[in-house]
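What TrEMBL lists as domain 'Major facilitator superfamily (MFS) profile' is 89-512. What TrEMBL lists as transmembrane segment is 20-42, 135-154, 166-184, 196-215, 222-245, 251-270, 329-350, 362-383, 395-413, 419-443, 487-507.
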Amino acid sequence: MHFDELLGTLGEFGRYQKRVYFLICFLSVSAGFHMVISVFLLGTPDHRCRIPGYPGDSYSIQNNHHRELVNASIPLKDDTDGEEYEKCHYYVINVSDVSAGRGEKRKCDEWVYDTAIFLSTFTAEVNLVCDRQLWTSNASMIFFAGVLIGAFALGALSDAFGRKKTLMLSILLLLCSSMGVAWAPDYATFCVLRFFVGFSCAGLFMTGFVLGMELTGPSKRVWAGVVIEYFFAIGLVVLAGLGYFIRHWKYIEIACAAPTAFFLLYWWFVPESPRWLLRKGKPEEAKKIILKIAKGNNKEITTKELDNLEADPTADAGKVWHLFTSRVLLIRTLIIFFNWAVVSMVYYGLSLNSGNLAGDFYLNFFLSGVVEFPAYTLCLVLLDRIGRKKLHASCMILGGLACVSTIFPVLYLDKEYQWVTVILAMLGKIGAAAAFAVIYVWAAELFPTVVRNAGMGASSSCARVGGMVSPYIADLSKVIDGGMGQATPLIIFGGFSVLAGLLSIYLPETLGHNLPDTIEDGIKFGE
């Protein structure tokens with residue numbers, strides 16, 4: 001008897017599994033914190049050059065004399081009709097006698113920052129502005145590189161040494177590295193620590209996700225796989241609240257890192273995966289956990305059923321390059337990989353870009369988390385009704401068109417109508433969030449059984465690459481001035497989303513079909 005068959009007796013998603021699954025879902029809240037916290041850590045406040053020789057300088061105007069000094073020493077931007085100061089240059093003046101006129105124009109090496117949105121960010125603390133403004137994007141890219149490498153390394157560790165041990169290692173590493181970020185003294189240390197935060201986040205979410213799925217019966221896995229995403233969205237909403245009330249990057253980081261210590265208690269409450277134990281030839285340990293599940297679910301299990309228990313059959317002997325051995329699988333695989341990369345790029349890019357939208361910074365970030373709830377509800381309601389293909393393609397195309405459409409209110413409507421831009425961006429986020437949930441299910445069903453694990457691993461890597469690209473696109477507003485700078489990231493995200501959605505139409509539907517097992521099945525699938 002295989003474990004899936006035994007779950008028919010134990011309960012596919014009984015009280016015991018629900019309790020463990022609920023604990024695992026809290027890991028997703030923490031992952032949500034750290035995946036997008038860079039919005040607050042690396043936010044760039046409005047700024048200008050500090051006036052040399054005026055030690056009491058601040059971004060906000062203190063009095064009329066201070067206003068005269070600022071107007072005399074700080075050049076105005078040419079393209080803002082005199083409404084904005086330049087951020088990187090100043091004129092040499094005599095602060096004791098403003099009427100003496102301006103001297104030469106110079107680049108500055110000290111700045112003052114607006115504290116209306118952030119009291120402090122790491123960007124402001126180490127001056128990642130002007131010639132170093134790209135460094136914030138580099139730091140975000142390094143974080144996502146950590147996620148990529150962590151997915152590989154901790155995934156292999158999980159298969160070799162067990163889900164539970166890898167999960168606890170990820171929790172401990174996340175606690176130490178995220179706490180360390182709050183005391184990072186310089187840019188290099190900050191990036192190294194953020195790399196390890198990303199590394200451990202990959203293990204935290206993916207290992208917890210796998211453990212939760214392996215305790216769940218086949219008919220409940222799609223539901224369980226989508227519900228955990230709600231908790232990721234809860235993390236975004238809670239983070240918006242923490243950011244609003246704290247507004248200092250160090251204390252926001254500490255507030256998000258400290259609860260990780262609670263997860264260390266999971267060692268006593270979360271079991272090892274019985275599937276993994278059976279596959280590794282440890283049936284006695286698996287039986288102990290199965291008896292706990294039976295007790296927790298108020299189910300009886302016979303000694304004969306336990307003695308006849310064996311590992312689930314596996315045909316995962318294929319390699320990822322087997323997906324490129326035929327024209328049909330090659331095209332299908334490339335479309336899947338492209339959709340993974342784009343949906344990740346758009347999802348994280350829109351989250352990071354929420355601060356560049358018109359209106360209240362914190363409200364926009366809050367809304368970017370809230371809109372994920374209807375997105376995941378849409379998946380739960382429609383995934384098994386209209387199918388994976390229609391749902392995914394519709395979300396990508398419609399969400400992408402919403403993003404592209406932001407160019408019209410940005411360029412052609414007055415400031416009082418910029419709420420239209422926010423609504424369109426949020427519709428794009430709904431599409432990206434829903435498509436992200438669908439592609440997990442759809443891609444796993446499209447890959448033949450013999451290469452399913454390899455295919456999903458490669459797909460996940462493509463998603464991480466998309467995440468690494470996203471901060472550079474989201475930060476284009478730093479190098480492109482005006483309304484076009486605000487619209488360009490959304491146009492790029494929207495354009496790629498529409499393209500990926502159109503390409504996904506060429507993939508076969510999997511709902512109601514027997515899934516492919518061999519490479520030959522994969523080639524014939526969808527004919």
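Glycine is no exception: its Cβ is also placed from the backbone N, Cα and C atoms.
Fair warning: this is a prediction, and the values are worked out from it, not measured in the lab.
Per-residue pLDDT, averaged along the domain 'Major facilitator superfamily (MFS) profile' (89-512), amounts to 90 for this model. Tallying C-beta pairs under 8 angstroms between the transmembrane segment (222-245) and each of 166-184, 196-215, 362-383, 395-413, 487-507 places 362-383 first. Using a Cβ-Cβ cut-off under 8 Å and counting only residues 6 or more beyond its ends in the same chain, the transmembrane segment (419-443) has close neighbours at 222, 225-226, 229, 233, 336, 339-340, 343-344, 346-347, 350-351, 353-354, 357-359, 364, 367-368, 371-372, 374-376, 378-379, 383, 388-389, 391-392, 395-400, 402-403, 405-406, 409-410, 413, 455-456, 459, 486, 490, 493-494, 497, 501, 507, 510. Listed by sequence, the residues of this chain that lie at least six past the ends of the transmembrane segment (251-270) yet keep a Cβ under 8 A from its Cβ atoms are 20, 23-24, 26-27, 30, 33-34, 37, 40-41, 164, 167-168, 171-172, 174-175, 178-179, 181-182, 211, 239, 242-243. By the Cβ criterion (under 8 Å, sequence separation of 6 or more), the transmembrane segment (196-215) is in contact with the transmembrane segment (166-184), since 3+ such pairs are found.
Comparing 166-184, 362-383, 395-413, 487-507 for CB pairs under 8 angstroms to the transmembrane segment (329-350), the maximum falls on 487-507. Of the candidate ranges 166-184, 362-383, 395-413, 166-184 contributes the most Cβ pairs within a distance under 8 Å of the transmembrane segment (135-154). Among residues of the same chain six or more beyond the transmembrane segment (166-184), those with a C-beta under 8 A of the stretch's C-beta atoms are 27, 30, 34, 41, 122, 150, 154, 157-158, 190, 193-194, 196-197, 199-204, 207-208, 211, 250-251, 253-254, 256-258, 260-261, 263-264, 266-267, 270.
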